[in-house]
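Notes follow the structure.
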């Protein structure tokens with residue numbers, strides 16, 4: 001039977017595993033998540049600098065520790081002990097609390113991310129899932145908490161007392177609102193196939209087939225939207241150095257700057273973990289390895305598969321930063337509203353139709369192929385032909401010279417802006433008589449030219 005039309009196994013009742021842990025087990029898992037995120041952030045910073053260094057034919061950090069692994073830790077210690085400078089025009093209370101607002105939601109989102117199946121805690125007989133908690137609307141919880149972090153960026157830009165910071169904060173808010181819509185629409189197809197919004201149930205539903213293989217448009221839309229959500233290159237417009245110096249953290253230094261930096265890299269890990277959970281089977285081993293090795297999804301091995309998939313998405317972030325130039329702000333916003341969102345809406349309708357027909361008894365493959373072909377044509381029209389109707393930028397004509405001198409701004413009632421100004425004028429006027437007259441040699445030279 002066709003993969004797209006075959007009834008997929010619905011998610012199991014994985015929520016029954018939660019709500020039974022002892023208090024010390026919950027505390028232990030919370031501390032471990034915090035430690036893993038901090039270590040993963042230090043590793044990702046080192047990994048990015050090494051990969052970008054190789055792309056630019058240089059070694060990258062290679063002095064502190066083996067392979068330079070301790071360079072990120074050294075940089076963190078340096079920022080901790082640096083002096084914190086608060087601008088005179090800043091709102092001190094909001095200025096200091098903004099980085100905290102930005103970083104806390106990035107930690108909270110990992111509370112519903114499944115790192116692995118149920119395991120036995122070493123040196124005890126207690127069994128617990130490698131996930132802090134879960135809920136029936138866990139994915140919506142992740143998106144809601146992640147959107148709170150934008151308040152820290154906007155408040156940080158506003159409270160700094162700098163125009164550059166304020167513009168960076170406003171850009172970031174507009175960017176996140178625009179691409180969060182596309183991201184949410186990309187996830188609707190996953191909900192339709194899994195029959196649940198619980199992260200653990202979505203992972204369980206991908207036991208035999210990953211959604212990234214059958215929901216390719218949703219996967220691609222999510223990949224683009226997650227780069228825009230995290231303000232990473234080529235969508236790092238809120239902190240464009242050539243336009244806004246440093247964007248919303250221009251006036252930040254020391255530990256407050258480190259918190260913004262930490263929030264950015266943890267958000268990278270968050271969207272990568274969500275992509276792993278919803279599209280690449282979560283902690284499940286690659287399907288070819290699962291068939292060859294029966295114990296691939298047992299014990300603590302799933303934690304390794306999960307982290308490997310997360311690092312794969314982190315590498316995509318780094319690769320995009322090292323290869324693509326930054327987009328213009330108008331191009332970026334138009335791409336989100338005029339391309340991603342319409343395509344996501346069309347794809348949701350197609351997925352809902354295919355899913356409904358498949359659950360009612362299947363559909364002939366020929367009709368399915370015809371429908372997919374028509375859908376592909378719509379995608380092509382939206383992506384390529386739609387750009388021709390965009391408004392062309394207008395150019396302002398240069399001011400025409402008069403008698404060798406620039407034309408000053410015309411008073412009210414003068415020619416309309418852009419209208420041609422005659423090159424000759426009445427030299428007997430009072431204005432012309434007060435102007436210096438060119439010599440005979442200058443006039444003859446001008447005539448020869």
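Each Cβ is built from the backbone N, Cα and C atoms, and glycine gets one as well.
What Swiss-Prot says about this one:
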- 427-442: compositional bias 'Polar residues' (COMPBIAS)
- 427-449: region 'Disordered' (REGION)
- 23-43: transmembrane segment (TRANSMEM)
- 93-113: transmembrane segment (TRANSMEM)
- 137-157: transmembrane segment (TRANSMEM)
- 176-196: transmembrane segment (TRANSMEM)
- 209-229: transmembrane segment (TRANSMEM)
- 258-280: transmembrane segment (TRANSMEM)
- 300-320: transmembrane segment (TRANSMEM)
- 332-352: transmembrane segment (TRANSMEM)
- 368-388: transmembrane segment (TRANSMEM)
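Highest Cβ pair count under 8 Å relative to the transmembrane segment (176-196), across stretches 23-43, 137-157, 209-229, 300-320: 209-229. Note on the transmembrane segment (137-157): residues 94-95, 97-103, 105-106, 108-109, 112-113, 165-170, 172-173, 176, 180, 183-184, 187, 190-191, 197-200, 202, 229, 238, 247-249, 252, 260, 263, 267, 270-271, 274, 278 of its chain, located 6 or more positions outside it, place their CB under 8 angstroms from a CB of the stretch. Packing against the transmembrane segment (209-229) from elsewhere in the chain are residues 3-4, 8, 146, 175-176, 178-180, 182-183, 185-190, 193-194, 235, 267, 271-272, 274-275, 278-281, 284, 287, 313, 316-317, 320, 332, 336, 340, 343-344, 347, 351, 379: each is 6 or more residues past its ends and has a CB under 8 Å from a CB in it.
With a cut-off of 8 Å between Cβ atoms, the residues of this chain six or more beyond the transmembrane segment (93-113) that come close are 30, 33-34, 37, 86-87, 131-135, 138, 141-142, 145-146, 148-149, 151-153, 155-156, 158-160, 199, 251-252, 256-257, 259-260, 262-263, 266-267, 270, 273-274, 277.
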